[in-house]
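Peer 1: Here it is, the structure, as structure tokens.
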Amino acid sequence: MSEKGTSDGSIVEDVRKGSPVMRHDKVAEQGSPERLLAEKKLVRKLDSRLLPTIFIIFIMNYIDRNGVTTARLKGMQQDLHINDLQYATVIAILFVSYCPAQIPSNMILNKVSRPSLYIGACTVAWGLTSALTGITRNFAGIIACRVFIGLPEAAFYPGAIFLLSRWYTKKELAFRSAFLYAGLLISNAFGTLMAAGILANMEDKRGIRAWRWLFFIEGALTIFIGLNAMWLLPDYPHNTRWLSPAELHLAQVRLSEDAGEADKDNAEDSQLQGLIMAIKDPKVGIFALMTISQLLGLSFVQFFPTLTQTLGFSTTVTLLLAAPPWIVASIICCVNAWHADKTGERFFHIAGWWWGVILGFIIALSTFSIAGRYVALFLMACGYVGSYFQAQLVSELSLIKVLGFAMTLVWVSNAVPRPPAKRAAAIGIVNGCGNIGNVMGSYTWKSAWGPQYHQSMVVSLCALVFSTFLSYVIRQMLVRENRKLDADEKAAMEGANRARVEEAARLEGITFEQAMERRKGFRYLY
């Protein structure tokens, strides 16, 4: 016998595994010691597989995407006979396919039953394309590779945020999303360290240039990781293969309690209808515009090795010096998200770090000393801490009504209404349209403006000021919404969908009236 228990759904003992589980028909009361223990075990199980997997994938995602920036330091641009304008096009062209593909990709992800296979297959596809970059011989060849690497990459980041939102409550989501985003920050450090070793030791091995070996090795690693992701990642709370029926039931109950509605699409909630709802929501449009401006302001990341090279050191030392700012930023990102989860605050946890980037630009504009510009690089890298939270707000609005960039999508994820079809489309729109800022930024850091890059920094500084303004506008919109909810409890019920509330009541084992009462407690995070 695998479990013992009572009809009230209390914790029972698994004889074979020696661990407590929940009966599938009913879970223990929210907040009870038994329930807290069961949730702790479920979250720990998710954390042990989901978080490390998406963390490693995200590392390879940005290593593969930004491989051209490090390969440039070892002769790629000369070997392919491309000028500075063509190089900027090589950087920008990825986003031509990456941006528009995110919206349909997230709509597909919400529709497929096995996101683990979908994300894993896309990871293998971009790893293969990255490896093929090493055999290119001219401008046309590398352009083709960059276009086709953007298509499968479009599935990952907004898809990973959406997948996290299907498993974690809004109070848990910020830190988990920050852990994911730390993969981006670490990738800038780990990628430069890996590149330093490859570029320094693989030159002319088997008659192949070191920058080509860089793409071969990094692409092969990504393919290996993608194949493993197919069985490591979870699917959804109703069909994940490596969780028990009781654990799956508890996962669904947690999310329904968190929002007062079941986290599922109704029969009428098609993927197209979700897209239409997201487009009509004014918050989504403001988030998208804010993200465009934000990513333009943070576009220096695509040229970070080049900026570090202005310190005047050799290629190997330059790549080694490029790593510490991102290591510090990744640590701060997780601490920032942990504190945001504890306080429930969003605006200052996002915009505050942009102000640090602005300070970094001011320092770099004011001095050309090695120490001053290196300190500025640390401040600039930490700007990505704030950019992480926006995604959560769209998801949270998704839950109820209708760090920098990492925090951006988390904020989005917290602020856009159910159904999941709308949340998926909203995240895709914000991240997809927002990456237009990266396209613009590809032409902002022109080598003709180096080594000072004063014009580039002024453009980026102004973009971050505008992004801060839009972030404040969103904050005030949410403050106003919460005041309405405080003044009139009936307003809290306006966005309720009866079918999803009924499903929440069924999952939690309570009456429809009790489920409606629980839903009144929802408030936006800002």
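If you go along the chain as it appears here, the first residue is 1 and each next one adds 1.
From the backbone N, Cα and C atoms, a Cβ is placed for every residue, glycine too.
As annotated by TrEMBL, transmembrane segment applies to 46-64, 85-103, 115-135, 147-168, 180-201, 213-233, 284-304, 316-338, 350-368, 399-417, 424-445, 457-474. Summarising the annotation, TrEMBL assigns domain 'Major facilitator superfamily (MFS) profile' to 50-483.
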Peer 1: Count the CB pairs under 8 A between the transmembrane segment (284-304) and each of 115-135, 316-338, 350-368, 424-445, 457-474, then give me the winner.
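Peer 2: Counting Cβ pairs under 8 Å, the winner is 424-445.
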Peer 1: I'd like to know if the transmembrane segment (457-474) touches the transmembrane segment (85-103) in this structure, counting it as a touch only when three or more C-beta pairs sit under 8 Å and are separated by 6 or more positions.
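Peer 2: No, these stretches are not in contact.
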Peer 1: Determine which residues of the chain contact the transmembrane segment (46-64) at the Cβ level, with the cut-off under 8 Å and only residues 6 or more beyond its ends counted.
Peer 2: 119, 123, 126-127, 130, 149, 153, 156-157, 160, 163-164, 167-168, 176, 179-184, 186-188, 190-191, 194, 218-219, 221-222, 225-226, 228-229, 232-234, 242
Peer 1: Would you say the transmembrane segment (115-135) and the transmembrane segment (316-338) are touching, if the rule is that at least three C-beta pairs must lie under 8 angstroms and be 6 or more residues apart?
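Peer 2: No, these stretches are not in contact.
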Peer 1: Looking at 115-135, 180-201, 350-368, 424-445, 457-474, which one has the highest count of Cβ pairs under 8 angstroms to the transmembrane segment (213-233)?
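Peer 2: Counting Cβ pairs under 8 Å, the winner is 115-135.
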Peer 1: Give the nonlocal contacts of the transmembrane segment (115-135) in its own chain as ranges (CB under 8 Å, at least six residues past its ends).
Peer 2: 57, 60-61, 64, 67-68, 108-109, 141-142, 145-146, 148-149, 151-153, 155-156, 159-160, 163, 211-216, 218-236
Peer 1: Out of 147-168, 180-201, 424-445, 457-474, which stretch has the largest tally of CB pairs under 8 angstroms to the transmembrane segment (350-368)?
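Peer 2: Of the candidates 147-168, 180-201, 424-445, 457-474, 457-474 scores highest.
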Peer 1: Suppose you look only at the domain 'Major facilitator superfamily (MFS) profile' (50-483); what would the mean pLDDT be?
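Peer 2: The average pLDDT of the model in the domain 'Major facilitator superfamily (MFS) profile' (50-483) works out to 80.
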